Amino acid sequence: MKDDNATKYAAESADGDDFAVVVDSDIAGNEAGTNLDKKDMWRMGKKQQLRRNFRFFSIFGFTMVLMATWEATLTANVLGLINGGTGGLIWMYIVTFFGMFIAILSMAEMASMAPTTGGQYHWVSEFAPASAQKFLSYLVGWLCVLGWQVGNVAISFLVAGQLQGLIILNHASYIPERWHLTPIIIAIITFCMAFNTFLYRQLPLVENLALVLHVLGFFVVLIPLWAMGSPTASASDVFFTFTDGGGWGNTGLSCLVGMLGPLFGFIGPDSATHMSEELRNASKSLPRAMIATMVANGALGFVMLVSYCMLLGNVDEILASETGQPFIQVFYNITKSKAGTSVMTVIMIVIVGCGVINNIATSSRQLWAFARDKGVPFSGWFSTINHKVDLPINALVFSYVFAVLLSLINIGSLVAFNIVTSLGIGALISSYTLSIGCMTVKRLRGQTLLPSNFKLGKAGLAINIFSVLFLFFTFIMIFFPPVPQPDLETMNWSVLVYGGVVVFSLVYYVIRGRHTYLGPVAYVRKSA
């Protein structure tokens, strides 16, 4: 039943015919989107409650900065240097880029078919076999909530570590303590939350500026490395020196264990999907932004990674740096300047900090969308939109409080904190796998696909199958410990926590979820 805000629009169909639809919307004018946006929302049975402030370039900047691939190659390479060495790190980067690029092609097609903030759980609801739609969609929704909510504190932890590394570099008298990171993390999250709440209307402009900084910062960091550094090994040694520092007894397996670092740099292109109801001309702009992000960030990351490995020097000495950040030590070894190193590092901190802003926006929208479909407890509260600012303030507040509480774990145990924050990748990878898997089954059964502006065509089935196989393999590798026969301190307990969240979601489903959650497919207009 439509409310008083319902507005009648003429939306243009894909074949050029005009038809009248009634769009339930709190937003009017250009901020409600194009006719194509209105048609998509009408087909999916969704009410337009958020302003479509984003355009292609700003959403492209949003995903580029959230992924921050070249920055991630510098900050998240420790595991790869230990397990695989420079050769393993580079080749695993190439393999990971190719596999994730194929997976993003699959998701870009689904995003064009159903450009909704719900993302993966909505796609599963529409594309899974009818008998499994409700349950699988519910499970994927919880996995997405877990992945994006945990991501807020995980990225903030990286920024806090970089800030602490700079303090150590510039102040020899400073004695770092583990708990020092917690107030820094909380300060970062608080600033990013304030920005998402009070300066949200400026977010598209900030994304444009952050994208420029992301690209210019790449050259500001790279040029001093090239100009002042000298290769410490030949290209053949860098590309083909593999190590088994973890002691696996098999170099190939060691390299695979180290792929978590490269994978971290390629998580996030789907963030644009969770902002799609704030994106103008979403079914066209969304897949273009997702694919362009992978290509551009992949290229920047590869150049930075190879340059870093060529100039690295003694790996053991770098890993033992007092800063706790090997890349800071490399910067300092090359520039011989604390000021120069600080400037280069601050650039990275600012860019990754913008990524925290974007991650909070993404996590709150995904939670809001899932609550809109009654997938979480207190759905009515989480799905509320504050119409003074047209934002899901309650979902934003929860994302902030949850991140702050997670950051407190670091005070008691760094191991426990790392376990919790590493969950994000596993949760998102599994959501990718299940959603693409449903599309694969649909294609195998020869069922009609929804019309879309981006199509994989005849290659679609092969691309989907490869994506599922690659993602499933990476999902397994994510939960490997860094060394064989680990003790309590070195064991990767992420799989235990991951399983705990899945069990909780299933218990809630049995008790209440199956009675309240219908899944997005229940609201879709079948005749659209």
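Yeah, the Cβs are placed from backbone N, Cα and C, and that goes for glycine too.
A quick note: this is a predicted structure, and the numbers were derived from the prediction, not measured.
Here the transmembrane segment (53-70) has Cβ contacts under 8 Å with residues 31, 201, 203-205, 207-208, 210-211, 214, 218, 265-269, 271-272, 275, 278-281, 285-286, 288-290, 292-293, 296-298, 300-301, 303-305, 351-352, 354-355, 358-359, 362 of the same chain, all six or more residues outside its ends. Summarising the annotation, TrEMBL assigns transmembrane segment to 53-70 (among others).
Beyond its flanks by at least six residues, the transmembrane segment (90-114) meets 40, 44, 73, 80, 84, 120, 122-123, 126-127, 238-239, 255-256, 258-259, 261-263, 265-266, 269-270, 272-273, 276, 283-284, 286-287, 290-291, 294-295, 298, 301-302, 305-306, 309, 432, 435-436, 439, 449-456, 460, 463-464, 466-467, 470-471, 474 of its own chain at Cβ-Cβ distances under 8 Å. The transmembrane segment feature in TrEMBL is assigned to 90-114 (among others).
For the transmembrane segment (135-159), same-chain residues at least 6 beyond its ends with a Cβ under 8 Å from one of its own Cβ atoms are 75-76, 118-122, 124-125, 128, 181, 184-185, 188-189, 192, 274, 349, 352-353, 355-356, 359-360, 362-363, 366-367, 370, 373, 375-376, 399, 402-403, 406-407, 410, 417, 420-428, 430-431, 434-435, 438, 498, 501-502, 505-506, 509, 513-514, 517, 519-521. According to TrEMBL, the feature transmembrane segment maps to 135-159 (among others).
Distant neighbours of the transmembrane segment (179-199): 152-153, 156-157, 159-161, 163-164, 206, 353, 356-357, 360-361, 364, 389, 391, 393, 396, 399-400, 403-404, 407-408, 410-411; these residues of the same chain sit at least 6 beyond its ends, with a Cβ under 8 Å from one of its Cβ atoms. Look at TrEMBL and you will find 179-199 (among others) tagged as transmembrane segment.
What TrEMBL lists as transmembrane segment is 211-228 (among others).
Below 8 angstroms of C-beta separation, residues 63, 66-70, 72-73, 76-84, 87-89, 91-93, 95-97, 100, 242, 294, 297-298, 301, 422, 424-425, 428-429, 474, 477-478, 480, 482-484 of the same chain, each at least six residues beyond the ends of the transmembrane segment (248-268), sit close to that stretch. Annotated transmembrane segment per TrEMBL: 248-268 (among others), in sequence order.
Feature annotation from TrEMBL assigns transmembrane segment to 289-313 (among others).
According to TrEMBL, the feature transmembrane segment maps to 339-361 (among others). For the transmembrane segment (339-361), the list of distant contacts is 62, 65-68, 71, 74-75, 148, 151-152, 155-156, 158-159, 162-163, 165-166, 169-170, 188-189, 191-193, 195-196, 200, 203, 206-207, 210, 213-214, 217, 220-221, 224, 271, 275, 325, 328, 331-332, 396, 399-400, 403: same-chain residues at least six beyond its ends, Cβ to Cβ under 8 Å.
Per TrEMBL, the feature transmembrane segment maps to 391-409 (among others).
Per TrEMBL, transmembrane segment is recorded for 415-438 (among others).
Annotation comment: TrEMBL describes 459-480 (among others) as transmembrane segment. For the transmembrane segment (459-480), the list of distant contacts is 96, 99-100, 102-103, 105-106, 109, 256-257, 259-260, 263, 422, 425-426, 429-430, 432-433, 436-437, 439-440, 443-444, 492, 494-495, 498: same-chain residues at least six beyond its ends, Cβ to Cβ under 8 Å.
Same-chain residues lying 6+ beyond the ends of the transmembrane segment (492-511) with a Cβ under 8 Å from its Cβ atoms: 135, 138-139, 142-143, 146, 377, 415-416, 419-420, 422-423, 426-427, 478-482, 486, 517. What TrEMBL records for 492-511 (among others) is transmembrane segment.
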